[in-house]
Every structure is written in C-alpha cells, then in structure tokens.
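These notes are about the structure you will find just below.
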Amino acid sequence: MKVATWNVNSLRVRLPQLIDWLGQAAPDIVGLQETKVVDEEFPVAQLAAAGYRTVFVGQRTYNGVALLSREPPGTVLTALPGRLQDEQKRFVAARFGGLDVVCAYVPNGSEVGSDKYAYKLGWLEDLRRYLQALLRESPKVLVMGDFNIAPADIDVHDPLAWQGQVLVSEAERAALAGIMALGLHDTFRHLNPDLRAFTWWDYRAAAFRRDHGLRIDHILVSTPLLGTCRACRVELDLRRAERPSDHAPVLLELDAAALA
DNA sequence: ATGGTAGCAGAGCTA
C-alpha cells in the first residue's frame, strides 16, 4: 500500500503531471494541497477516469485540499473541527477501512510575528486538539500534508541563514513537536534517520538547481502503524518536470495490513 | 539588500 502527499500549487495547472504520476507510482491514497480550485470546477471526472475517488474542499485563488483514493472513503470531514466557519480551506479527512487519514495545508505564516504567523500557530493548536481527540478513539491515524515547518536543522539547506525565520522558528517547531507528542511519528525521518532531503524549493533564485530546499511536507503515522512502514521517499522527478510545482510529493510505502 | 518566480486574475496578493 502507498500513501502520498503533494502540494500541487494549482491542480488546474498540474493535472496532467498528476495523472501521469498516478499511473506510474500507483498510490492508493493521495493528499493534495493548494488545489486553488472551487468545488464546482474540481476535476472529478478526469481523476475518476484515472481510477481515483475524490473528496475535496476548495476556494478561488488560494488554499484548497483533496484526498484521492482507490477505495471509496467512509466518513468525511471537510473542515477542522473547532474552525468550521474558517473561510480558508485547509483540511480534509476521511476514513478508509480501519485507517483515519487527515490531509492538511498548514498556513505558511508569512513572517515571524505577523498576523499570519499568529494564525498559523492558532491553526496548529486547533489541529493538535482535533488529533488528540481522534487518537483517543482511533488507533490507526495517518496525518499528511504541507506543514510549512522544517522539523530540524537537517531539514534545512542552510540552517544558519534560516535560523529564526518562518518555517523553522522555535514556536513552529514546538507546535509540530506538540502534535507529534500525541503519538505521531515522522515516517520519512523514522525510515531515513540521517538523510538530508527536501520537499520544497523556492521558484526564485534557481533554488532547486542549487538544492536550496526545506523538508516541510510530511506523512505522520500513529504508533500502531509505525511498524507497517517500509519506505518513504521524495519524488524528485516531479520537481524536475516542465512547469513544476514548487513542492515534490512524498510517498510512503506500508504493509497492506495498515488498512485492516 | 526585501530581490528572485509562479499562480491567479487581470493589480496586487500569497507563497
């Protein structure tokens, strides 16, 4: 079984790449972020033709998330409980068999100390509360998405230059650590303890060519799932493509028993 | 030093 997360930065633009990649990588469940498409225009038929069910919640221009799956989803949530009237569409969750899957687009935060930064920390606290409740009732939980946080200095191409900046600041890292302290594990780091790898590179200043990246997209799993995880890698080919997203997908392989 | 590029939308915001 394979689960993947990808910030597509416009599903409209990236749809051909996405469909190609679905055919090649054959993930069972995919979380997408920054779809930037309203629900009426979500490409349901094209993704169905590629073999995927879809659940999604979007808005014009900004944000937007989706879950694609081979199997039909059970219970679906399209907003973060505690933030049901937030206009920003950043959360979708669904149950697949015995597995609860959460797809999140954590706010970027813009700049340390800004209003957007405060919004990011508040959003992360609401996510933590939701996951705390979910983990009390559900042993198998997978949380994936663009967290907009590099957990440690190994996840940063130039930790000195980035020190204290948004995406790496102490408060953001503490918020992510608080979520992981609920009993969630960073699968990439668990399976690749010393590997320096990134998932996002700025479009500007030839950042990808110079590998000036950050690892800010993550797939977290609850403790009962950790032993089922076999491999986790960054799909760099999609960042090398013509007209790429600024993020590469992260792909996790786990035993099919995870779903049972 | 506040750039640089991409997406959306049609100027300026967000990332």
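Even glycines carry a Cβ here, placed using N, Cα and C.
Record note: TrEMBL gives A:E34, A:D146, A:N148, A:D246, A:H247 as Mg(2+)-binding, and the candidate from A:N7, A:N192 in that site is A:N7. For the pair A:N148 (Mg(2+) binding site) and A:H247 (active site, proton acceptor), the Cα-Cα distance reads 11 Å. DSSP classifies A:E34 (Mg(2+) binding site) as coil under the three-state reduction. Excluding A:N7, A:E34, A:D146, A:N148, A:D246, A:H247, which define the Mg(2+) site, the same chain contributes A:N9, A:Q33, A:Y105, A:W200, A:I216, A:D217, A:S245 within 8 Å (Cβ to the Cβ centroid), listed in sequence order. A count of other CB atoms within 10 A of each Cβ picks out A:D146 as the most crowded of the recorded positions A:E34, A:D146.
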